[in-house]
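Below: the structure, in structure tokens.
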Amino acid sequence: MGFRKKSKSPPVLSHEFVIQNHADMVSCVAMIVLLGLMFEVTAKFAIMFITVQYNVTQSLDTEDKPESVNYYKYGPKDIATVFFYLLIAIILHALIQEYILDKINRRLHLSKTKHSKFNESGQLATFYLCSFVWGCSILTNEEFVTNPTFLWEGYPHIHMAFQVKFFYICQIAYWFHALPELYFQKVRKEDIPRQLYYICLYIFHITGAYVLNLHRLGLVLLVPHYLVELLFHASRLFYFSDENKQKGFTLWALLFVITRLLTLTVSVLTFGFGLSRTDNQGFSLAEGNFNVLTVRMTCLSAICLTQAWMMWKFINFQLKKWREQSQIQAIKKKAVSPKSRPSKKDSRGESCLKYGIHKVERFHDPRNPK
């Protein structure tokens, strides 16, 4: 892990050396890109990595005077921007791990399994919190609350505000950065498939919404989903600190089901009724129009299958948890249950036996004068 002081440094360019110093190495690459802004020859290439590209200026006619507004589209240069902010995500990941999570782990003294899950939840909870607040601030400027038809009216939505495009750039960069972090964080082999599943699903859905000009729908679906995931990982962090704190999981389970139903409802409303009834039907890469039946059904099927898979995992998790709790309660009842009382005959026999033993002991006691 980067930013750590090690007593013994491993061989240069070995696996352990890369893992321990990956944040420092990535920081050097980011600094090289930033230094490129200082020279005129390299500035036009360096700025492509740092700033948001493809800005478009539109004039709005108002009563007083015309105003110009800057919007943004997507293009191949966004790959360079995603790469740069992927480097920033790796650096921030290492900072959170080094200065927050590792210090808490030393106090809790967790096992290896809980230690790995605690780090995962700590990183994801931080990301979900920032993304949820950022997404809510963007949606407050939109008309979805008062007019849900903005999800499909005027499609294709090729123009994005700066905050919307930068939000998607950071989202894609973060989930791509999670792939090399599986190596940098030494994730256990049995945990890699589970993490790969949800990382790839995030990349697929967020990139799909960005490329297909469905960024409005993507924002509306991501914000409540991030709230539910934030609650789950925050509850897991509290559970690792104190196993008696499990009330957060109950609220998470309720909101999880509601969010799945909300996602399906909004998706069916958008693809099944909204986009299918708009006037601008057709497929055009130049115009960014993907409003055809094949694309709509593919997107809707992908969302429905993902929600069904998540519900299946959720049901299995709840059943497993219920079985474990029932077994624990059964063991506690056996331990707490009172012992069976002896019958009257057994009690009389036991009293007679004790009396007889007492008489025999008195008879054989040499100190007894009788």
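Including glycine, each Cβ sits where the backbone N, Cα and C put it.
It should be emphasised that the depicted structure is a prediction, and the values quoted were computed from it without experimental measurement.
Copied over from TrEMBL:
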type: DOMAIN; residues: 116-325; note: domain 'TLC'
type: REGION; residues: 331-352; note: region 'Disordered'
type: TRANSMEM; residues: 29-52; note: transmembrane segment
type: TRANSMEM; residues: 82-101; note: transmembrane segment
type: TRANSMEM; residues: 196-213; note: transmembrane segment
type: TRANSMEM; residues: 219-239; note: transmembrane segment
type: TRANSMEM; residues: 251-273; note: transmembrane segment
type: TRANSMEM; residues: 293-312; note: transmembrane segment
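Counted as Cβ pairs under 8 Å, contacts with the transmembrane segment (82-101) are highest for 29-52 among 29-52, 219-239, 251-273, 293-312. Under 8 Å from some Cβ of the transmembrane segment (251-273) lie the Cβ atoms of residues 148, 151-152, 217, 220-221, 224-225, 227-228, 231-232, 235, 296-297, 299-300, 303-304, 307, 310-311, 314, 318, all in the same chain and six or more residues away from its ends. Away from its own ends, the transmembrane segment (219-239) comes close to residues 117-118, 120-122, 124-125, 128-129, 131-132, 135-136, 138-139, 142, 144, 151, 164, 167, 171, 206, 245-246, 248-249, 251-252, 255-256, 259, 262-263, 266-267, 303 of its chain (Cβ-Cβ under 8 Å, at least six residues beyond either end).
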